[in-house]
């Protein structure tokens with residue numbers, strides 16, 4: 001019981017520290033001090049600074065669940081399902097936390113490996129194997145998907161580029177779904193109009 | 001002559017200030033102090049903090065030139081031309097400045113309007129009118145192009161997502177060019193395989 005309360009206090013301290021000072025501006029020591037515990041205890045509960053960041057940030061877990069939900073769809077509907085599920089999450093009440101986390105990690109060169117681990121190891125975990133087994137080039141296809149999804153997030157939520165920012169989810173799904181679908185299951189050598 | 005040297009000194013001070021402390025962490029006053037001039041002089045030469053940031057950052061001008069170069073192509077080659085030109089610039093010697101600028105502006109909510117002005121007003125300036133006149137929905141199409149281009153930049157250069165990070169420019173142009181081409185000139189209601 002006491003251990004759980006301490007863990008929660010550390011997470012709360014870490015969350016405000018990362019939000020206020022960015023990934024680079026936070027040390028495990030400063031989080032320990034803010035939480036009123038010994039630094040060794042933070043390491044014991046949460047491991048490295050990267051692991052503490054991931055634990056403090058709900059976003060990777062939430063985005064992972066969104067993608068897992070979309071993964072229930074058959075292959076030929078995956079593109080639209082991923083785009084729609086992501087857009088719904090980004091427009092939901094988790095939006096503020098997501099935007100703040102995205103700003104934090106994009107601002108930091110040091111955080112780049114964390115982002116890679118999160119995107120490939122948590123959010124898109126099962127996708128490369130599933131797609132690769134059937135269409136080949138699983139890792140390459142999923143990294144192309146990542147370019148479109150990350151760009152959609154940045155342009156719509158971080159930069160607020162109009163008219164994209166105000167476009168309804170349904171419309172964006174119709175427009176961007178086929179891009180993600182092609183990256184996942186299409187001919188990567190180019191779109192060949194069939195006669 | 002003296003005025004030009006002063007302007008250059010202000011730009012140099014602004015460049016290091018934005019790189020070190022991010023967009024939000026810099027005031028016109030702090031740049032003036034670092035350059036050893038009066039704050040009013042900075043405003044007189046460069047206008048607002050936004051305008052000073054744009055002047056200090058070479059990136060928008062360079063990216064604008066890249067896009068203008070690609071714009072020489074006929075409509076049906078624009079997608080590949082834009083992707084290839086952007087990738088060449090991002091892999092060139094301007095890469096470090098670009099990445100640092102991108103980190104600075106993406107980290108800051110305050111900088112979002114600056115990014116919008118740069119993307120739409122400088123880099124992609126003539127594209128919406130050209131595309132809109134022939135295919136309709138120019139602003140919407142160009143904002144979709146922006147999602148793919150920004151995501152490509154972030155995933156390849158800021159996050160360094162593999163295998164995307166190491167893929168040759170030619171291969172990426174073949175894979176991503178058709179996406180940008182469809183956003184510019186294609187059927188936005190979905191890709192219709194023709195019989």
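Note: Cβ is positioned from N, Cα and C throughout, glycine not excepted.
According to TrEMBL, the protein carries these features:
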DOMAIN    A:4-64  domain 'HTH tetR-type'
DNA_BIND  A:27-46  DNA-binding region
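Mapped onto DSSP helix, strand and coil, the DNA-binding region (A:27-46) counts 16 helix, 0 strand, 4 coil.
Per-residue pLDDT, averaged across the DNA-binding region (A:27-46), gives 95.
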